[in-house]
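Novice: Take a look at what Swiss-Prot says about it:
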- CYS86: active site, nucleophile (ACT_SITE)
- HIS176: active site (ACT_SITE)
- GLU178: active site (ACT_SITE)
- SER230, GLY231, GLY232, VAL233, ASP234, SER235, SER236: ATP binding site (BINDING)
- 9-202: domain 'Glutamine amidotransferase type-1' (DOMAIN)
- 203-395: domain 'GMPS ATP-PPase' (DOMAIN)
Amino acid sequence: MTQTAHPDSVLIIDFGSQVTQLIARRVRETGVYCEIVPFQSSEEGFARLKPKAVILSGSPASALDEGSPRVPQVIFDSGLPIFGICYGQQTICAQLGGKVEAGHHREFGRAFLEIEQDCKLFEGLWSVGSRHQVWMSHGDRVTAIPPGFRVLATSSNAPFAFIADEARKYYAVQFHPEVVHTPDGAKLIQNFVHNIAGITGDWSMSAYRAKAVEQIRAQVGDKRVICALSGGVDSSVAALLIHEAVGDQLTCILVDHGLMRKNEAADVVAMFKEHYNLHLIHVDAIDRFVGELEGVSDPETKRKIIGRLFIETFEEEAKKLGGADFLGQGTLYPDVIESVSFSGGPSVTIKSHHNVGGLPDRMNMKLVEPLRELFKDEVRVLGKELGLPDSFIGRHPFPGPGLAIRCPGGVTREKLDILREADAIYLDEIRKAGLYDAIWQAFAVLLPVQTVGVMGDGRTYEFVCALRAVTSVDGMTADFYHYDMEFLGRAATRIINEVRGINRVVYDVTSKPPGTIEWE
């Protein structure tokens, strides 16, 4: 996260909503930079960022409770535009002289707004007398609005669904404009950012790239950087950005643990060495990893073994290089946002990649994290800006522990080889059908189950392969992809005919929730 003021930015105060990150995504989609800060440190964040507008998130808390989160007075005193969402509306009303009460009718899900008065925020979007779908999720409700406010829209259970004090540029809604279930929500946020706050949408990846290169050079100086290259989008984009900044001062290490997709390690090495002229060390550690994983069936034990072996292997290679002062990582913004706790202070949740967790402390290195202000979709845009091919940028997500967690039960070399072939055929059929970009993630799973089959004149007793494909926006929720049966039949036939060791194929039709996307 930036440590300095950022011109033309928006500050988002997080009161603990599960969808606060969606607010940030909507703001950035308008070409405007924003940051999320927990309510406990909102004054410091406000002073540091020096934003031109403030958005208040929802919350699981009740504005009626003693000690519930509040907006610092300095923000109201600043004269900046404020947009309160759900709990954000309730705390505005509670703090500025309105009234909030526990709702007798909790309102969750789809609702319809009736537009009663016009305002600048509605320009080019809504008109008086029109009706629009929104998404509600609240128990408490506003029952009296503060002096200076007027009601702009109502719903059947929320008589103050949309209120505003246009003189002070305060807008507050009971619904959630940031979610896709409010069709006009993104445009509302855009109107607030551009029309009300007057911020120009000129934040771009090319500008971010130039700034990041400058910051990396200032941080690293003439020192050396090593970067763990996994072959994924995040670590690859981070490595290219660092390389653009410091050139030969960067060395990348690709630890090949034998758990990647078919030909993946070779393809990554070829791309980075030949096309980008990166100093890349390819470590063949397949025997080391697979040897220790053989027979291990517990998913968490698999992860711990992979993480430990990666650190050991990486340390050994780094020592051969004579060490380095900095470690490059592809940490993203969702990994560093502070989560909000109502039982105490904020707890910082760093979702350390299984490969690099603990490396900086163990090796006495400082971190270079050039992507820590970006969301995943923004990293893909930056990757394109840096010249990575669309076929690489648009690849489906792949888990850190790789194929080890797509082999439920014990891992063996034979099972990994069988799975790798089945997965490659499945993805090939998806691409041939023109479905790859319509699916968020697709993969094969080799089940620890063998079944009887008949192939030719002989009886077989071989593994079952499960195929998985989901649609999703961010991986938090997902629905199984609805293939036609002809496609599934074609993919299954190829896998059974071409992969020795599989005689039955099934398709997973579980959504998330209740299931998860991966099987382990």
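Including glycine, each Cβ sits where the backbone N, Cα and C put it.
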Novice: Non-local Cβ contacts of GLY231 (ATP binding site) (under 8 Å, 6 or more apart, same chain)?
Specialist: LEU254, MET260, GLU264, ALA265, VAL268
Novice: By CA-CA distance, flag whichever of CYS86, HIS176, GLU178 among the active-site residues is nearest to GLY232 (ATP binding site).
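Specialist: Minimum Cα distance from GLY232 (ATP binding site) across CYS86, HIS176, GLU178 lands on GLU178.
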Novice: Going by C-alpha distance, which of the active-site residues CYS86, HIS176, GLU178 is nearest to ASP234 (ATP binding site)?
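Specialist: So, of the listed active-site residues, the one sitting closest to ASP234 (ATP binding site) is GLU178.
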Novice: Give the distance between the Cα atoms of SER235 (ATP binding site) and HIS176 (active site), rounded to the nearest whole Å.
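Specialist: Computed Cα spacing between SER235 (ATP binding site) and HIS176 (active site) is 33 Å.
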Novice: Other residues near the ATP site, CB within 8 A of the CB centroid of SER230, GLY231, GLY232, VAL233, ASP234, SER235, SER236?
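Specialist: Surrounding the site, in chain order, are LEU229, VAL237, ALA238, GLY330.
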Novice: Measuring Cα to Cα, how many angstrom lie between HIS176 (active site) and SER236 (ATP binding site)?
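Specialist: If we compare the Cα positions of HIS176 (active site) and SER236 (ATP binding site), the gap is 35 Å.
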Novice: Using DSSP and collapsing to three states, where does ASP234 (ATP binding site) fall: helix, strand or coil?
Specialist: helix
Novice: Quick one: of the recorded positions GLU178, SER230, SER236, which has its CA closest to the CA of CYS86 (active site, nucleophile)?
Specialist: GLU178
Novice: Which whole-number value in Å describes the distance between the Cα atoms of SER230 (ATP binding site) and GLU178 (active site)?
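Specialist: SER230 (ATP binding site) and GLU178 (active site) have their Cα atoms 33 Å apart.
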